[in-house]
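Working notes for the structure below.
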2 protein chains.
Amino acid sequence: MTQVSPTRSWVDSANGHADFPLQNLPLGVFSPAGQSPRSGVAIGDRIFDLQAALDAGLFDGAAGEAILAMRDGQLNAFFELGRGARVALREQLLNLLREGSPRRDEIQAQGEKLLHLAENCQMHLPAKINDYTDFYVGIEHAQNVGKLFRPDNPLLPNYKYVPIGYHGRASTVRPSGTDVRRPKGQTLPAGQTEPTFGPCARLDYELELGIWIAKGNTLGEPIAIGDAAEHIAGFCLLNDWSARDIQAWEYQPLGPFLSKSFLTSVSPWVVTAEALEPFRRAQPARPEGDPQPLPYLLDKRDQAAGAFDIELEVLLLTEAMREQKLPAHRLTLSNTQYMYWTVAQMVAHHSVNGCQLQAGDLFGSGTLSGPQSGQFGSLLEITEGGKKPIELASGEVRKFLEDGDEIILRARCSREGVVSIGFGECRGKILSAR
Amino acid sequence: MTQVSPTRSWVDSANGHADFPLQNLPLGVFSPAGQSPRSGVAIGDRIFDLQAALDAGLFDGAAGEAILAMRDGQLNAFFELGRGARVALREQLLNLLREGSPRRDEIQAQGEKLLHLAENCQMHLPAKINDYTDFYVGIEHAQNVGKLFRPDNPLLPNYKYVPIGYHGRASTVRPSGTDVRRPKGQTLPAGQTEPTFGPCARLDYELELGIWIAKGNTLGEPIAIGDAAEHIAGFCLLNDWSARDIQAWEYQPLGPFLSKSFLTSVSPWVVTAEALEPFRRAQPARPEGDPQPLPYLLDKRDQAAGAFDIELEVLLLTEAMREQKLPAHRLTLSNTQYMYWTVAQMVAHHSVNGCQLQAGDLFGSGTLSGPQSGQFGSLLEITEGGKKPIELASGEVRKFLEDGDEIILRARCSREGVVSIGFGECRGKILSAR
């Protein structure tokens, strides 16, 4: 897509907005106060009500069809329509909301009915998630964590061949703002041979990119890597909350289970593949000696522009910091460039055995840590498993998360000569165990 | 439930039927030729059409409400109603279909409209599966396989404390009769350090009990083991098709993924908890020295009657055997008594961290092997990873499954003085890789 995009919107708050300028136009599902869930687009501090706008005659053709597919308050059927529907909707949205739009007066005349104040709305999951898969493509994280769990072989022999992933729990994915009840479970106290049962004492976050699947495939028919783009709808932030003590005891031999399934948080706005187009980049060169991807994971276009330059940030806000009105403490500043595999490679790998993907499936990238201190995407890495607590301006220290702590994920895409966009926040506050 | 059940049905084929006598009354979703999916009950060689029977005025009260909840051709909303609805439906069904039923003439007068010939119907999945979890509670299997993958520590230290499980792929669960396309994937040839890509060469079955979840729980609120029964709707057979060569290469560190997600087959009839009531038994005594379950996994009633006596069978039918009209070869004769954990313990464990279960979720038990030769629930165990091929009456040998092979799972519950019931079949035939 090489269209010349208009740069400013007549919705004032969009211009210069950190997350949602006219160039972003992310899709989501929201409820205005006391009303039922419906689809919308974030623009500045407002949400443009797609259903109401369609009813007002503001859309036609493929864009209108796209909005009709969102009628049940979920984006699944819209995702299934694929790239064409998204592009058509985006083009009409750009035309309606740009400075100088001929429809401006018509829209403004309807006031809050079409442009809700976002702060008055509740956000929902954008789609019914049929299956959620969590990958492990952050190689720096894999190395950091591998050292803690398996000092002798931090990176297993398959890592540079297989985009490692596992099935996650779909029923407990929730939108930003959902509180995190501290889970209970079995853990093995240090030096003991018998487990005890109680509240998780090593509660952690994991900074991930979320990927929303567009079109599905037929059972038994793999998606070729060159076709993967047609199956990717958009992106979000994902916090793969993790109970490290439960994980250490339960994860052999079949992988993480209850240590993750108590909650997974996502930012509610789907930043589309089209909005992220300007922030694509070539896959970083693989280190000398790393193997070439197998042919089913290799595609020239993907190598040339399959990666993203998205800055990722994690902030911590404790109860005491809120009371003392201290700013949130930055735990992580990382980037999607630390993904060893691209999203297209994940899609090709996931389906190569014939596994059926469906519209609205969610992928997590795996934790995206960088190699340096300050870039680690989990407390497990930052505190080296609790050995090096961090100090906060409030005078508190943290090895892992405590009750009342809030974790805030943010993401920002910037490039010289292009308007920056963001993802909105993914927040979650820890509640004490029941 | 200690009601005195009638023993015979006026539906002749039900009396003495191996699977579906009057005592079973399993629920499922079927399509008569060319018609849309609807709910039904298996009785002998017939399917009793619940929707049509409700329309004909044959049900009332809670049983009628139960059938109304099945209106969308899926049993999820019915499962969510819990035990009361199932029991009410069962009682009215027993009354309608027993010998001497006052409604017999009324039902027979409608002929095939109410009682379809099962062989003319297509079976579907009984419910929309939101999440599928595969457990690993067959301790003999865990030991047999552990020896092959980890000769030094076949049974890991957590096994006798944690009902080990992992999330499976819900989108690729299919009903009996669905062909199994041989998956392709990465495998590491013996003695090599670099993987190759191609069709799975070690395709296997796994004999499992499937469990359908009834009522769900609220996120963050565990299900106490004493309440687990209210959350269990019924049971089926489950074949967890496994690509052993793909599995061996991919499964570290996060567990099986593409080696399982190409297909999982289930028998289409939900054998209810009520039908299985006479076949409950006390949990087998744990071997001397085994730990007591932690308190959240311990319940007197569950210890006394939480296990099942269900005989499980696996048959193999090759292309050559079909041509030579040879009978199927029995690979496995096992029993659910080899489950180290009960279904109630699985439910309590799965939700103890607050994970939300939903009506229509599916659990697999894990492979249910016995300790003896002839009782192994997978070819991996039978042939010791391919080292000891089996010989068939057709003159063929098998290390793993070949194209054209069909695997048939069956189950049978028998007890002195009680009418036996079965599960119906779970079949799947291997197609060559694409």
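Each Cβ is built from the backbone N, Cα and C atoms, and glycine gets one as well.
What you are looking at is a predicted structure, and each value in this text was computed from that prediction instead of being measured.
The Mg(2+) site recorded in TrEMBL includes A:Lys260, A:Thr264, and the single candidate from A:Asp240, A:Asp245 that the record places there is A:Asp240. Annotated Ca(2+)-binding residues in TrEMBL are A:Glu206, A:Glu208, A:Asp240, and among A:Asp131, A:Asp134, A:Asp309 the one listed with them is A:Asp134. Among the listed binding-site residues, namely A:Gln247, A:Thr367, the Cβ with the most fellow Cβ atoms inside 10 Å is that of A:Thr367. Under the three-state DSSP scheme, A:Glu208 (Ca(2+) binding site) falls in the strand class.
Here the region 'Disordered' (A:172-195) has Cβ contacts under 8 Å with residues 123-125, 129, 132, 201, 203, 241, 243, 245-246, 248-250, 258-259, 261-268, 362, 403, 424-434 of the same chain, all six or more residues outside its ends. For the recorded site, A:Tyr136 (substrate binding site), the DSSP three-state label reads coil. Note: the Ca(2+) site is recorded as A:Asp134, A:Glu206, A:Glu208, A:Asp240; in the same chain, A:Leu207, A:Leu238, A:Asn239, A:Ser242, A:Lys260, A:Thr264, A:Gly364, A:Ser365, A:Gly366, A:Thr367 also have Cβ atoms within 8 Å of that site's Cβ centroid. When DSSP labels each residue, the domain 'Fumarylacetoacetase N-terminal' (A:23-126) comes out as 46 helix, 24 strand, 34 coil, counted as helix, strand and coil in that order.
Among the recorded positions A:Asp134, A:His141, A:Glu206, A:Asp240, A:Lys260, the ones whose Cα sits within 10 Å of the Cα of A:Gln247 (substrate binding site) are A:Lys260. A:Thr367 (substrate binding site) has A:Glu206 nearby among the binding-site residues A:Glu206, A:Lys260, A:Thr264, counting only those with a Cα within 10 angstroms of its own Cα.
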